[in-house]
Amino acid sequence: MDVADPEPLGLFSEGELMSVGMDTFIHRIDSTEVIYQPRRKRAKLIGKYLMGDLLGEGSYGKVKEVLDSETLCRRAVKILKKKKLRRIPNGEANVKKEIQLLRRLRHRNVIQLVDVLYNEEKQKMYMVMEYCVCGMQEMLDSVPEKRFPVCQAHGYFRQLIDGLEYLHSQGIVHKDIKPGNLLLTTNGTLKISDLGVAEALHPFAVDDTCRTSQGSPAFQPPEIANGLDTFSGFKVDIWSAGVTLYNITTGLYPFEGDNIYKLFENIGRGDFTIPCDCGPPLSDLLRGMLEYEPAKRFSIRQIRQHSWFRKKHPLAEALVPIPPSPDTKDRWRSMTVVPYLEDLHGRAEEEEEEDLFDIEDGIIYTQDFTVPGQVLEEEVGQNGQSHSLPKAVCVNGTEPQLSSKVKPEGRPGTANPARKVCSSNKIRRLSACKQQ
C-alpha cells in the first residue's frame, strides 16, 4: 500500500478539503460565549502607603492614588524615575527645587507635600501629596463651551489670587500659572500645583527680578515673548493669572498662533480683544491684568480692590460638575484602592502560604524632602587631626537600621516567598530608616 495514498487513511484530498470548507473541522466560538476572568489586582505597599490605580501621567512620571495605612487618608503619589529625569532638560534640578519649595509652604490653596520616599535600588522617588479629585483643565474639557459660568469662575479666581498672594509673600514666583496646574478637591478647594519651574527669590533681594522662564508659551507675558534679559517675576504671575481668567470665562485665549513663533509674535505686540458678553467690569479687570507694560500691570492689591473681584455674582447658569473618571467612567470618583484592600485582607486566611502582596524593600523616608546621600562624620585621630569618613545616612539625620541585603534575626524577610508572613506584620514593616 502506498503511504502517500490518502484513501485508505480516511483523509480528504486537497480539492475535497477546499470544497467541504474549513468550518467543518474548526469549531468557531462566538465572543459573547467567552467568559473573561479579570486579572486579580495585586496589592502593593510602598512604605506605609497602599498603591491604587493610575490617576494621570505627565512628562516627569506617573501619578497614582494611594492610601495611608496608618491614618487611612487618601493621597496621591507622583512616581519619578531618576533614569527618566536625566533625559529631561533640568529634570532632576526642577524636581529637587519643587521638593525644597513645597516643604516650606502651608496654605489652603497650595498643594501640600505630605511625604517623600526614595528607593535607592530601583532609583525611584515617591512624592506623596494631598489628594485632589480633578484638575481644572479636565473640567473645562468636559463641557462643549470650554468655560465656567461667571459665578463658578469667580470663586476659583478668588482662591487662585489667595494662593498666589501667599506664594509671593514667601518670595516665590510660580512662573507657570494655568488651568492645567490648578487642581480641585471634592469640596471645590483650588490648589496651585507643579512648582517645578518656580523660583525662590533671595531673602535679601531688593526686588522680584527674574532672569529665566520655562512656563507654558500661551501664558507668557510680552516681556518674555520679546526676549528681555530681566523681568518682574510677580508681574509674570499676574499676567498668567489674567490669561487663566480670560480662558475660564470665555473658553478662548487672548493670544493664539499656528506655532510658537507666531504665538510669541502676537503676545509681543500685546493686541487682543475681549468678547462683548464679558461685560465692562470683567473686561476692565482683564485689561488691567494683561497690561503690556509690567509697571502699569495690576498688582494683587489692585485686583482685590476691583469691583468684579469684590462683587457677589448670582448663579445664572448651571455649574460645571466634576466629570466622571476617564478610565472607569465612575461619576463619583470612588477610591481605587478598595480592590487592593480586598486582596490585602480578604484572602489572607485562604492563601496563607502565598506571598499575598508586594512590598518594595529599601524604602527610605526622607522627612526633610531631599534625596538621600552621604555626609561626612568627623573622627579625631591620635594626632588631633580630624578624618572625614563617608557614612550613609537618611536625610532626616537618622542612621539606616539595616542594609537592603541584611535582615535582623527573627524578622520575616519579604524577599523570600517561601517564608510565611502575616499581613499585619507586612503592614507594620518599618522603613530602612527610623522615622522621627
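Note that Cβ sites are derived from N, Cα and C of the backbone, with glycine treated the same way.
Small disclaimer: the values here were computed from a predicted structure and weren't measured.
Noted in Swiss-Prot for the protein shown:
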- D176: active site, proton acceptor (ACT_SITE)
- L55, G56, E57, G58, S59, Y60, G61, K62, V63, K78: ATP binding site (BINDING)
- 49-309: domain 'Protein kinase' (DOMAIN)
- C422: S-palmitoyl cysteine (LIPID)
- C433: S-farnesyl cysteine (LIPID)
- S31: phosphoserine (MOD_RES)
- K48: N6-acetyllysine (MOD_RES)
- K96: N6-acetyllysine (MOD_RES)
- K97: N6-acetyllysine (MOD_RES)
- T189: phosphothreonine (MOD_RES)
- K296: N6-acetyllysine (MOD_RES)
- K311: N6-acetyllysine (MOD_RES)
- S325: phosphoserine (MOD_RES)
- S403: phosphoserine (MOD_RES)
- K420: N6-acetyllysine (MOD_RES)
- K426: N6-acetyllysine (MOD_RES)
- C433: cysteine methyl ester (MOD_RES)
- 45-90: region 'Sufficient for interaction with SIRT1' (REGION)
- 398-421: region 'Disordered' (REGION)
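Shown on the structure are the features that Swiss-Prot records.
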residue	record	DSSP class
S31	phosphoserine	helix
K48	N6-acetyllysine	coil
L55	ATP binding site	strand
G61	ATP binding site	strand
K97	N6-acetyllysine	helix
D176	active site, proton acceptor	coil
T189	phosphothreonine	coil
K296	N6-acetyllysine	coil
ATP binding residues L55, G56, E57, G58, S59, Y60, G61, K62, V63, K78: largest Cα-Cα distance, in Å and rounded to whole number: 14
Nearest recorded site to S325 (phosphoserine) by CA-CA distance, among recorded positions L55, E57, S59, V63, D176: L55
Largest tally of Cβ atoms lying within 10 Å of a Cβ, found at which of the modified residues K48, K96, K97, K311: K48
The residue listed as 'active site, proton acceptor' and E57 (ATP binding site), distance between Cα atoms, whole Å: 18
S59 (ATP binding site): tally of other CB atoms within 10 A of its CB: 10
Whole-number mean of pLDDT values that fall within the domain 'Protein kinase' (49-309): 96
Sequence-distant neighbours of T189 (phosphothreonine) in its chain (C-beta under 8 A, six or more apart): R108, N109, Q159
Nearest of the recorded positions (V63, D176, K296) to K311 (N6-acetyllysine) - Cα to Cα: K296
Integer Å distance between the CA atoms belonging to K296 (N6-acetyllysine) and G61 (ATP binding site): 39
Rounded distance in angstrom between the Cα atoms of the residue listed as 'active site, proton acceptor' and K97 (N6-acetyllysine): 14
Additional residues surrounding ATP, by Cβ distance to the L55, G56, E57, G58, S59, Y60, G61, K62, V63, K78 centre under 8 Å: I79
Cβ neighbours of G61 (ATP binding site) where a neighbour is any other Cβ within 10 Å: 20
Closest of K48, L55, S59, K296 to K96 (N6-acetyllysine), Cα positions, recorded positions only: S59
Minimum Cα separation from V63 (ATP binding site), reported as the residue among modified residues S31, K48, K296 that achieves it: K48
Least buried by Cβ count (within 10 Å) of the binding-site residues L55, V63: V63
